[in-house]
Each structure stands twice: as C-alpha cells, then as structure tokens.
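Novice: For reference, TrEMBL lists these features for the protein:
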TRANSMEM  A:23-43  transmembrane segment
TRANSMEM  A:49-69  transmembrane segment
TRANSMEM  A:81-101  transmembrane segment
DOMAIN    A:136-339  domain 'ABC transmembrane type-1'
TRANSMEM  A:143-162  transmembrane segment
TRANSMEM  A:174-198  transmembrane segment
TRANSMEM  A:204-221  transmembrane segment
TRANSMEM  A:253-274  transmembrane segment
TRANSMEM  A:321-343  transmembrane segment
C-alpha cells in the first residue's frame with residue numbers, strides 16, 4: 001500500500017490530457033484577424049467584408065489544426081463547433097449593431113420634442129423643421145385598429161383549431177392560415193384596394209388597417225396555436241373532471257396558463273406590421289397634415305413617412321427620415337420589451 | 001351521500017380499437033374498490049368511463065350501462081358535465097392549476113361553476129384541505145402558487161380540490177405512483193378516512209397498496225397485446241389475496257405470469 005502513490009506518480013494519468021491554455025482562442029482570433037488583414041492587403045482586396053470572411057475562415061481552420069495537434073481530435077471538433085457558433089453569432093450581430101449604430105447616429109440629429117409633436121403641415125421637403133406627429137398618430141391608429149381586428153379573430157381561430165378542430169374543416173383552416181402567412185404585403189394592399197375601387201372610395205386610414213389585419217392574423221393564429229398546444233392536457237382533464245364545462249375550462253384554465261405567450265405573440269405580430277409600407281402607400285396614401293380620423297381622408301404613417309422623405313432627395317428630408325426610422329425602431333423595441341414584461345408577469349409561478 | 005355504481009355490459013373504444021370488453025360489476029357505496037392488473041389491460045380506461053372522461057380522448061366511445069344509483073350515466077339527455085360533478089377524479093400525476101394559488105386551486109371547482117360568497121368559500125376550502133390532511137402544512141401559504149408544493153402535497157391538494165365540490169364518488173387513477181412512501185402512507189390514510197363519506201375507486205399497480213386500502217378488489221387482464229382488456233374477477237380483497245377463484249388472478253398476485 002505504501003508504494004501505491006509512487007507508482008501512480010510514475011504512470012501518466014489517463015484522465016488528464018494536454019489542453020490549450022484559456023487565452024488560446026483569443027490568441028488564435030487575434031492572429032487570424034491579423035493574417036486575414038495581411039492577406040487581403042497583399043492581394044489588394046478593397047472590401048472590409050473580404051478580410052473579415054478570410055479571418056473567420058482562418059479562425060475556424062486554425063482552431064481545428066492547433067487543437068488537433070496539441071489536444072486530440074474530440075477536443076478539436078468541440079472547439080471547431082464552438083468557434084463556428086461564435087463566428088455565426090458575430091455574423092448576425094455585426095450588421096444589427098451597425099444598423100442600430102448608424103440609425104442612432106444619424107437619427108438623433110433632429111429627434112427632439114419639437115420633432116415628435118409637430119407635423120409637416122407648412123414645411124416643404126427641402127426646408128428644415130417639421131416633425132412626425134401626424135405619422136406617429138397615423139401609425140398608432142392604423143396598427144391599433146388592425147390589432148383590434150386581427151388579435152381576437154386570430155386567438156379565437158387558434159382556440160378553435162387546438163380545442164375543438166377535428167376533421168376536414170380544421171385541416172382547411174390550417175391550410176388557409178398557412179397560405180395567408182405567405183401573402184406578400186403588397187398583395188394584401190391590392191386586395192383591399194380592389195374593393196375600395198369597386199365602391200369608388202378615397203384612401204383612408206382604416207383601409208390600411210384592414211390590409212395590415214390580413215397580414216397580422218396568420219401570425220397571431222400560429223403563435224397562439226403553439227402556446228395553447230403547450231398547455232398540458234392534464235390541466236384540461238383536471239378541470240373537466242371537476243365538472244367544469246369545456247368553455248369555462250378554456251377561459252379559466254387554458255387561456256390564463258398560456259396568456260403570457262399569447263400576448264408575446266400578439267406584440268411580435270404588431271411589431272411586424274408596424275413597419276409595413278406597401279399597403280399603407282396604396283390605401284392610406286400619406287399626408288403632410290394631422291388627420292386623427294382614420295375613417296376619413298388620407299393619413300400618414302411612420303414607414304410611409306420614411307419612404308417619402310428619403311425619396312424626396314433633400315438634405316433636411318434625409319435627416320427627418322433617419323429620425324423617423326429611429327422612432328420606429330424605438331417603438332418596436334418598446335413593444336417587445338412590454339411583451340417580455342407581460343410574459344414574465346403572467347407566466348405560471350413556481351415559487352414556494 | 002355516497003352512491004352505488006352498477007356497470008353492465010360495458011365496452012370502451014379508442015376509434016375502432018376495442019380497449020375493454022363486456023365489463024359488469026357493482027361498486028358498493030362507502031367502500032374502497034381497487035382495480036389491479038397488468039399495464040394496458042384497461043383499468044384506467046374503465047375508470048375514466050365511470051365519469052365520462054373517456055370520451056374526452058379523441059375517438060373515445062362507450063357502449064353499455066353505468067348506473068349511478070338509479071340513473072344511467074350514458075342515458076339519453078345526461079349532461080357529462082353534471083356527471084363529473086357527482087363523480088370526481090384524482091389523476092396519476094399531481095396536476096394543480098399552475099396559475100392559481102393553493103386557495104384558488106381548492107376553490108377552482110366551485111368558483112368555475114358558480115358564484116359563492118367569500119366566507120362560504122373560506123369554509124369549504126378549509127374543510128377540504130383538512131379533509132385532505134393538508135391544512136396544517138399550507139394554512140400559512142394559501143396565497144402562494146399551488147405548484148410550489150412538494151409532489152405529495154400537490155397530490156393531496158388535488159384530492160382537496162376534488163372533494164371540495166362534494167362528489168358522490170371519487171375515482172383515483174394510481175394516485176401514489178409518483179410519490180415517495182411517506183406521502184403514499186399519508187394518502188392511504190386519507191383514503192381510509194374518505195371512505196366514510198365517499199364511494200372510492202382506486203387503480204393501483206401496487207398490490208400491497210390494494211391489500212391495505214381496499215375492501216373489494218377487481219382483477220383485470222388481457223389475453224394478448226392488441227386484445228381487449230377484460231374483468232377477470234371481483235371479490236372481497238381478503239379473498240382475492242388469499243384464495244382467488246380464478247387461476248390467472250392467483251398467478252398475477254403471486255408473481256407467476258408470462
């Protein structure tokens with residue numbers, strides 16, 4: 001027994017292999033960026049994207065070779081997959097970050113209280129000043145009305161599909177929801193436009209809401225359906241076994257359990273339609289003046305305002321377009337944050 | 001208050017598949033009847049036909065008669081919702097409502113079925129929780145979520161929820177299979193107390209449990225996989241475990257099968 005430690009000391013451990021130091025991934029990353037930069041400079045490649053892609057490729061290959069050489073094959077594969085995940089992460093985040101950065105940088109210039117509370121009423125596109133109050137108002141009204149139409153219909157459709165739907169009707173509904181998901185926004189706009197032309201109507205805000213509702217509905221149906229499917233059947237059975245009717249079971253047990261997810265889905269679909277330009281261009285037309293009545297006369301909306309300001313080609317209009325973009329991004333981001341907050345607040349509690 | 005169940009010629013289907021065939025038996029009021037038998041022999045399916053929960057499963061269908069005292073549960077014009085208020089059920093896995101507090105879980109059956117005064121609800125909740133031997137453990141956390149309790153407590157919460165609506169019959173589908181021996185003992189003791197007030201039917205895989213808690217035992221079996229399950233015999237528990245009249249029962253109880 002007394003010789004055991006010395007024996008163990010002589011034998012190489014089978015449990016401990018050579019491993020790269022903690023700083024190795026960073027070093028490989030730095031080296032591949034330097035190398036990528038060097039190669040593209042030597043080859044006279046002008047674009048930033050080219051050296052970045054070369055560096056990313058070098059990083060993945062370098063990680064594998066070095067790790068396979070010093071460690072072993074399994075570790076090398078592990079490191080390669082990890083490094084590919086990092087590369088993919090950067091590929092996704094860099095454009096997003098640069099988009100947010102340039103929007104903030106250019107949009108902040110004219111974004112102030114005045115800009116948010118005034119319209120373009122007496123301001124020509126070539127003059128500075130003016131604001132987006134009329135566009136914010138239009139977007140809120142059009143999106144709000146679209147949500148009032150699409151959210152109840154979508155949620156009820158999903159309840160039908162999950163709780164009641166059997167047989168051919170349910171299959172048909174599912175099929176048409178799938179088809180609706182694929183409708184391009186311009187086609188939804190043209191559909192409403194054709195009806196408007198039949199009745200010889202002028203553009204007005206609610207027509208845009210109808211087109212946006214068409215776009216929003218399938219998204220609400222799909223997300224709500226998934227949320228309802230997540231509710232365990234045991235809960236429905238527990239409620240039914242207490243002698244609770246099916247509709248009350250749905251209202252009091254199924255919906256509260258999935259409410260957080262359903263609201264998140266609705267918020268995300270609002271975020272999706274808030275940026276739609278095409279149907280609004282066709283149906284609401286756009287206006288420089290404040291029009292708070294969505295049922296009469298042309299209205300403005302944020303995406304349409306951005307499109308029209310940028311299209312005018314004047315320097316002050318560019319600034320206004322960027323500021324309006326920043327406002328739209330902030331609007332969508334606030335919606336998402338509210339959705340997360342509600343989801344967390346309404347989520348089934350597990351605390352003791 | 002407790003009612004007698006009289007089943008005759010009952011078949012249950014899943015779509016076109018016959019799951020249990022031609023079952024007839026009597027369940028005495030104020031007693032515990034245990035169902036034993038191998039997995040897949042239709043014990044749970046049969047249990048679920050007793051409060052019309054079988055038809056909740058897509059394709060579920062029942063033929064035959066289930067008399068609750070003098071009313072056929074499958075007769076014309078019978079409302080399954082009303083049946084389930086008379087015949088309560090406790091499931092295999094504890095399933096408290098995750099969005100509700102302990103209090104609301106117990107009151108759920110009453111609240112969802114009509115309006116009650118707060119003081120009335122308070123009394124029923126306390127009585128039911130005491131009935132389920134859970135009151136002392138949860139009386140200080142009635143407003144905490146029900147899913148925060150331990151597994152055994154959750155199952156007793158489900159029993160409290162089931163007895164709060166004052167059913168005549170209580171069906172239990174392997175109520176202890178997910179619980180440790182101490183929680184199991186608590187629930188077995190509880191079953192002994194509840195049989196003073198309710199007719200109790202319990203499905204169990206644990207033969208010692210059947211021997212401990214039940215007055216009568218029914219043995220179910222199936223000829224082969226894909227064949228319908230059948231009732232082999234039902235008799236006093238003591239007789240089933242000491243001197244059953246069918247060889248298959250004795251083989252199953254003593255572990256000689258296959």
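Just so you know, glycine gets a Cβ as well, placed from its N, Cα and C.
Surface or core, plus neighbours and distances: that's what I need for these features.
Specialist: Cβ atoms under 8 Å from those of the transmembrane segment (A:23-43) belong to residues 50-56, 58-59, 62-63, 66, 79, 83 of the same chain, restricted to positions at least 6 beyond its ends.
Sequence-remote contacts of a segment are chain residues at least 6 beyond its ends whose Cβ falls under 8 Å from one of its Cβ atoms, and for the transmembrane segment (A:49-69) they are 20, 24-25, 28-29, 31-33, 35-37, 39-41, 75-77, 79-80, 83-84, 87, 90-91.
With a threshold of 8 Å between CB atoms, the same-chain residues lying at least 6 positions outside the transmembrane segment (A:81-101) that come near it are 25, 56, 59-60, 63, 329.
Within its own chain, the transmembrane segment (A:174-198) is flanked in space by residues 157, 161, 165, 207, 210-212, 214-215, 217-219, 221-222, 276-283, which lie at least six positions past its ends and keep a Cβ under 8 Å from the stretch.
Beyond the ends of the transmembrane segment (A:204-221), by six or more residues, the same chain brings 138, 141-143, 145-147, 149-151, 153-155, 157-158, 161, 177-178, 180-181, 183, 185, 188-189, 191-193, 196, 265-266, 268-270, 272-273, 276, 279-280, 282-284, 291, 293-299, 301 to within a C-beta distance below 8 angstroms of the stretch.
Long-range neighbours of the transmembrane segment (A:253-274) within the same chain, counting only residues 6 or more positions beyond its ends whose Cβ lies under 8 Å from a Cβ of the stretch, are 139, 143, 146-147, 150-151, 154-155, 159, 163, 212, 215-216, 219-220, 222-224, 226-228, 230-231, 235-236, 238-239, 244, 302-303, 328, 331-332, 335-336, 338-340, 342-348.
The list of residues near the transmembrane segment (A:321-343) in space but at least 6 beyond its ends in sequence, with Cβ under 8 angstroms from a Cβ of it, reads 100, 103-104, 106-111, 115-116, 132, 135-136, 139, 260-261, 263-264, 266-268, 270-271, 274-275, 302-303, 305-306, 309-310.
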